[in-house]
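*Asks:* Provided herewith is a single structure, encoded as structure tokens, for subsequent inquiry.
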Amino acid sequence: GQQRYPAPATADAGAPGPAGPGPALEEGPCGWGPCNPRALQLCNNPEGYLAAYSLLAIFQGIVVNGLVNISISTIEKRYELNSSLTGLISASYDVAFCVLSLFVSYFGERGHKPRWLVFSAFMLGLGSLVFSLPHFSSGKYHYGSKIEDTCQAAETSFANATCSASANSSLHKYLYVFILGQLLLGVGGTPLYTLGTAFIDDSVPKHMSSLYIGIGYAMSLLGPAIGYVLGGQLLNIYIDIQVPKRQDTAYTKVDQDDPRWLGAWWIGFLACFFALWLLIIPFSCFPKHLPGTAKIQAEKIAETHDDGSQVLVQANNIGQHFKDFPVALMILLRNPVLMSLIIASSSEALVATGFATFLPKFIENQFGKSSSFAATLGGLVLIPGAALGQVISGVLVSKCKMSCKGIIKFMISTCSVALILNTVFLFAKCGNEPFAGVFETYNGTGTLYNLTAPCNAKCKCLRSMYYPVCGRDEVQYFSPCFAGCTSYLFNNMKKTYHNCSCIGKAKRENGLEDVLYEAIPGKCPTQCKFLPLFLTFFFFAVVFTFMATTPTTVAILRCVPDKQRSFALGVQLVFLRLLGTIPGPILFGVAIDNSCTLWDINECETKGACWVYDNKRMAFLLMGISAACKIVTIIFVVMAVYFYKPPPLTKALPRKTSGKISAI
């Protein structure tokens with residue numbers, strides 16, 4: 001069951017390795033020490049590593065970009081956190097990534113990269129476990145008495161009771177556990193997209209690198225998609241698995257339509273904890289370099305930007321010790337091609353993360369869809385579009401065997417097409433639908449931007465309970481209470497409201513419609529028919545946007561000294577987060593809040609989320625941010641082409657590797 005394996009291959013037996021003279025590249029069998037089963041050698045190649053890398057990237061995406069995002073609203077309600085605090089939870093991942101990215105990529109460059117991915121899988125699993133712990137230590141969920149959504153003239157002082165109860169709760173202390181979980185996830189994610197990607201580039205021929213990296217990046221996008229689907233299904237399960245049976249009639253049994261319902265957000269994190277720790281096994285058996293790496297490196301052609309940095313790094317053997325860290329960092333920061341590509345990719349990341357966060361909200365408000373359906377549509381556009389774009393660009397760069405300069409020019413064309421497609425916001429926007437107390441009055445009574453009118457003044461409605469209903473007059477109302485409805489019935493399992501003092505007569509006389517109901521739950525059907533057009537154009541905008549992702553990574557790997565490639569990816573990811581993924585959702589959130597016309601005021605008179613938006617203003621603001629970022633991207637990619645100078649000798653001559661990894 002075991003196989004004898006040849007001695008570690010060397011490109012130059014006399015060349016100095018990472019720690020003095022010896023083999024340049026330590027190739028070896030797949031296994032654990034002396035245990036090298038023959039079956040494992042089938043995986044000891046770039047394809048086997050890519051499969052393991054893809055699985056780790058998928059599970060990282062499931063947890064970080066899928067389960068965390070879809071569980072945030074449930075965590076807010078369960079642990080009584082406001083949106084700014086849950087925003088801190090989300091940002092904790094990027095904080096850990098930024099702090100560690102430079103150091104991990106610098107020290108890992110000369111280390112055993114697959115073992116760094118063992119560490120990555122371990123920390124990602126540990127972070128998933130820690131993130132789920134609050135559920136097990138916070139006790140059972142007590143959902144309280146049923147909230148009445150109809151007009152109740154004799155309302156009790158429910159608002160004050162809720163406000164004081166919330167103020168005295170200690171559940172918000174679990175915030176620190178969630179932050180710790182996200183920090184651990186950030187620590188685990190750092191080696192994956194720096195050292196893990198560089199290891200792929202080390203192990204395959206130059207013209208195949210973009211294809212392998214594109215496949216790996218595309219597979220990583222499956223993670224958020226799976227996370228959203230899995231998380232959405234788990235939220236249909238009650239948070240404590242079994243809904244408690246109450247003897248007291250005040251505590252009626254909750255169902256998924258009840259605002260008090262909370263889903264089992266924690267199950268997905270627990271499952272990913274076990275799956276991620278299982279991935280430690282395959283990564284622990286890979287050698288430091290895959291068989292054939294030395295030959296591949298010897299045949300590669302250097303395309304490093306000709307600014308003298310390659311000679312400087314090789315002559316002074318920079319990167320061997322910690323004292324070289326500042327010098328190595330300055331070499332990269334002074335590389336104009338690298339910095340132009342980094343700023344361009346950061347600008348693209350700002351738009352991508354902004355839309356990933358708020359596209360469902362845009363669809364929900366612009367086209368009048370439910371939040372769950374809008375999230376599904378957003379996922380169907382973003383995930384396949386991004387994956388397709390990365391695979392297509394990887395294949396094109398690989399098949400056309402583009403040079404470094406050719407790759408950067410290719411990025412200019414894709415970004416320009418994406419900018420043109422971005423104009424979909426100009427002609428596929430919708431007007432504002434009729435909304436009583438916001439965009440129109442209550443049948444001529446009351447005022448605009450004021451939910452209270454004479455017809456509902458005695459109802460004592462809560463502005464914190466947004467439960468929209470559509471009246472028979474085709475006007476939307478904030479809740480059955482604000483519509484003045486005093487009773488409801490169930491007709492064929494569908495809830496209908498009656499005796500509504502604020503709702504006018506039906507606009508269309510068609511038989512018994514007047515008699516059947518006065519209002520039904522949900523938003524009124526939108527009159528805007530631009531949704532298919534918007535989704536089509538936006539899908540192709542996403543495809544062309546992400547067609548620049550894989551080429552950017554390949555161009556960065558080619559334009560820096562061969563011993564600094566992992567470090568260059570680390571520098572890129574720091575800027576990507578500081579300039580892109582961290583400010584992106586914040587900037588988009590500020591723009592969307594700027595288009596708000598009706599805010600939530602809770603029982604404690606604190607302003608919360610926005611209930612109603614001005615659709616046209618929202619569309620123009622998002623279009624402006626997206627177009628501005630696209631223009632910045634194009635400018636800096638053009639600058640990269642201008643600054644790039646290829647090495648003097650670019651003929652494909654076999655050469656010796658001296659120490660570590662040659663340039664591609």
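One is the number of the first residue shown, and numbering goes on along the chain from there.
Using the three backbone atoms N, Cα and C, a Cβ is placed for every residue, glycine included.
The shown structure was predicted, so the numbers you read here are calculated from the model rather than taken from an experiment.
TrEMBL feature annotations, pasted as is:
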DOMAIN    50-642  domain 'Major facilitator superfamily (MFS) profile'
DOMAIN    449-504  domain 'Kazal-like'
REGION    1-21  region 'Disordered'
TRANSMEM  50-72  transmembrane segment
TRANSMEM  84-104  transmembrane segment
TRANSMEM  116-136  transmembrane segment
TRANSMEM  174-199  transmembrane segment
TRANSMEM  211-230  transmembrane segment
TRANSMEM  264-286  transmembrane segment
TRANSMEM  337-359  transmembrane segment
TRANSMEM  371-398  transmembrane segment
TRANSMEM  410-428  transmembrane segment
TRANSMEM  530-557  transmembrane segment
TRANSMEM  569-592  transmembrane segment
TRANSMEM  620-644  transmembrane segment
*Asks:* Cβ pairs under 8 Å only, please: of the recorded stretches 50-72, 84-104, 116-136, 569-592, 620-644, which one is richest in them relative to the transmembrane segment (211-230)?
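*Replies:* Per the Cβ count, the answer is 50-72.
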*Asks:* Would you kindly check 264-286, 371-398, 569-592, 620-644 and say which stretch has the most C-beta pairs under 8 angstroms to the transmembrane segment (84-104)?
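*Replies:* Selected stretch: 569-592, with the most Cβ pairs under 8 Å.
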*Asks:* Considering only Cβ pairs under 8 Å, which range in 116-136, 530-557, 569-592 makes the most contacts with the transmembrane segment (264-286)?
*Replies:* 116-136
*Asks:* To the transmembrane segment (337-359), which of 50-72, 116-136, 530-557, 569-592 is linked by the most Cβ pairs under 8 Å?
*Replies:* 569-592
*Asks:* Among the recorded stretches 50-72, 174-199, 530-557, 620-644, which has the greatest number of Cβ pairs closer than 8 Å to the transmembrane segment (116-136)?
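*Replies:* Maximum Cβ contact count belongs to 174-199.
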*Asks:* Provide the three-state DSSP residue tally for the domain 'Kazal-like' (449-504): helix first, then strand, then coil.
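*Replies:* Summed over the domain 'Kazal-like' (449-504), the classes give 3 helix, 19 strand, 34 coil.
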*Asks:* For the domain 'Major facilitator superfamily (MFS) profile' (50-642), what's the mean pLDDT in this predicted model?
*Replies:* 78
